[in-house]
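Chemist: First, the structure itself, so that you have it in front of you.
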Amino acid sequence: MAVSLDDDVPLILTLDEGGSAPLAPSNGLGQEELPSKNGGSYAIHDSQAPSLSSGGESSPSSPAHNWEMNYQEAAIYLQEGENNDKFFTHPKDAKALAAYLFAHNHLFYLMELATALLLLLLSLCEAPAVPALRLGIYVHATLELFALMVVVFELCMKLRWLGLHTFIRHKRTMVKTSVLVVQFVEAIVVLVRQMSHVRVTRALRCIFLVDCRYCGGVRRNLRQIFQSLPPFMDILLLLLFFMIIFAILGFYLFSPNPSDPYFSTLENSIVSLFVLLTTANFPDVMMPSYSRNPWSCVFFIVYLSIELYFIMNLLLAVVFDTFNDIEKRKFKSLLLHKRTAIQHAYRLLISQRRPAGISYRQFEGLMRFYKPRMSARERYLTFKALNQNNTPLLSLKDFYDIYEVAALKWKAKKNREHWFDELPRTALLIFKGINILVKSKAFQYFMYLVVAVNGVWILVETFMLKGGNFFSKHVPWSYLVFLTIYGVELFLKVAGLGPVEYLSSGWNLFDFSVTVFAFLGLLALALNMEPFYFIVVLRPLQLLRLFKLKERYRNVLDTMFELLPRMASLGLTLLIFYYSFAIVGMEFFCGIVFPNCCNTSTVADAYRWRNHTVGNRTVVEEGYYYLNNFDNILNSFVTLFELTVVNNWYIIMEGVTSQTSHWSRLYFMTFYIVTMVVMTIIVAFILEAFVFRMNYSRKNQDSEVDGGITLEKEISKEELVAVLELYREARGASSDVTRLLETLSQMERYQQHSMVFLGRRSRTKSDLSLKMYQEEIQEWYEEHAREQEQQRQLSSSAAPAAQQPPGSRQRSQTVT
């Protein structure tokens, strides 16, 4: 494919800072090559990389400057499509661009994250503080004001970038601004009074963390939780309706029994049945009535059958169905959003001389801004991979794959099949035999047998251990035998496959890690290093290798590994809810729970602490539930986790209620409902991921789901010379052409006319979804095209009514 070196003019031009149209280039171009009248709206005066068509600095009126502006704007559009940013937040002038670039770099993201974490961690030092971390009021209030000032600076940069109108339209930013104002007022009041007051609004500090760029997964989770709420609330109301009906019925049936405290009042009936829904008080809640009338058990059996086994499972089914629909709609929305972003970028990259596609010159300019760390060789390989028709220009159809292809990592394909192919014949035969051995089924099943025997041996050894010191000062012979076998296996695989191929497998990395830890455990036993004895306990991890034997187990484990990043964001989402409830709990319930605090309640024994003499010794009877308190943020987190597990959670609730009022139960019940929502979403997410993978495997039985995506491209020597000549004419010697020079020198050294490169990347769920919904995707594209055509007609009909100044255009007119 030839590389064009001639100059051209952008079909769409952006404006300079003053808002005027750029001057026509004085290069002898004809009228058809002059800039069009529908140019852009801002200029870029701080471009770090000059255009390929210029040897150095270019004036604002030159074609090179116009291209540089278009390159950066096109790159911004691609980033907005990738990050799912709305196009109405696109920078509209030079000042907005400067603020946009400042707000979209990792230093700014780290500043956002550090500020949010500082505000959250201040709860460790503010009253009620963790004893070891307590700070003076002046110190923590000053730190809070400093962090809030940083947030003000962040919002000012966003205001400069977005403009006042767009800033007000951005809901999350307005919520963050409102919380910032409240936090500012409270911090100043604390600093002036030198005294902390009730600050429930500290629970809203989480918004600063949620708004961070690095917490995009948390924002998606929260959005899905809110989107799943309508059907969830419908089933929840049905659940509460039956609960109230049964509470009224239970009150009339069991309140005459004076020994039954669970149904003495209607309030107690509702609370008892709410707790019964979690099974935390069963069968205790049934026993007083059951002792008087055995038929009373029917009431509780029917209630649990309806509420726990039917409605709760119905709740999960409804949320799962809603979650599936949300995931599909989210994929469709993001897919069309990316497609629109690509169309915006494409319109900025085509030229007046070549409106049919993007030349390599324009593509290279785009990639300098979109992927600045990508080398010149990788840019050209990306262009080649996109160019399906092998023509000098990229069509819009080819350019639609930019996100998938730009993520590939390129490496030269080795001519030899194995790492040892160039060794002397004797060594080659030895290593080839080892390669055949480690790839054979017999070797693999032998290692599975060794792992199984090792597991049984560890189990027998554990059964034979008695209490006390579990670690002998002498190294067991079985440990040496199995570790030797694993070490030999590791050596054979590295020798037969080569270090690179060996470490490219996730299972091999796991085997290597477990073997290394087993060796460290051997050293800990041999050298009597007691603090490191815990490493020995990791030996049973080898048993996980047995899961590779069955395909279903492999699918489960692969799904689990795929879910880990998303599960981390879901865990962080749950921690955010924990933080908010912990702050509220500290403000209302701090210091009210202590030993012997609840002697008048039904759970007094759980909080009782007393000692008495039995014979000649003193016996201490201690109820440990007083440790479940809200005296500081750490204790609150532990207490909330115990409430999440729900075992005996009502004891904590009743202990707090006995010291405050019955309204305190609303806090605990609300927390249970919120955690039930989050946990249901987590379960629905796991089910959706597993079911999706199973359906994909059934639909695409011949495809390799786990192999990742690989693309192969060949570069000829003539192409390399042309690309290098292009770079020399444009910028002279440049560091990003080093790999191109290395490739060319390698071709000359081995007298090759071409070289093959492999592009690899891991397969994402988006890739699986593209294949899973490929029939529907074409319908989505057609529907999207019809909507764009309708918008284009509306824009053209409204154009005469509102005359635009010459050379100006709105963002929405870039691509309709």
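Numbering starts at 1 and runs along the chain as displayed.
Cβ atoms here come from the backbone N, Cα and C positions, even for glycine.
As the structure is a computational prediction, the values presented were derived from the model and not from experiment.
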Chemist: Swiss-Prot annotation N-linked glycosylation site: which of N389, N611 has it?
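Modeler: So the answer, going by Swiss-Prot, is N611.
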Chemist: Say a student had to find the N-linked glycosylation site annotation in Swiss-Prot: which of N616, N695 would be the correct pick?
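Modeler: Swiss-Prot records N-linked glycosylation site at N616.
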Chemist: Any idea if L164 and R786 are on the same membrane side according to Swiss-Prot?
Modeler: yes
Chemist: Let me check one thing: do the transmembrane segment (574-594) and the transmembrane segment (295-315) come into contact, meaning three or more Cβ pairs under 8 Å with sequence separation of at least 6?
Modeler: no
Chemist: Restricting to the same chain and to residues at least six past its boundaries, which positions have a Cβ under 8 Å from a Cβ of the topological domain 'Cytoplasmic' (156-177)?
Modeler: 88-89, 91-92, 95-96, 98-100, 102-103, 108, 207-208, 210-211, 219
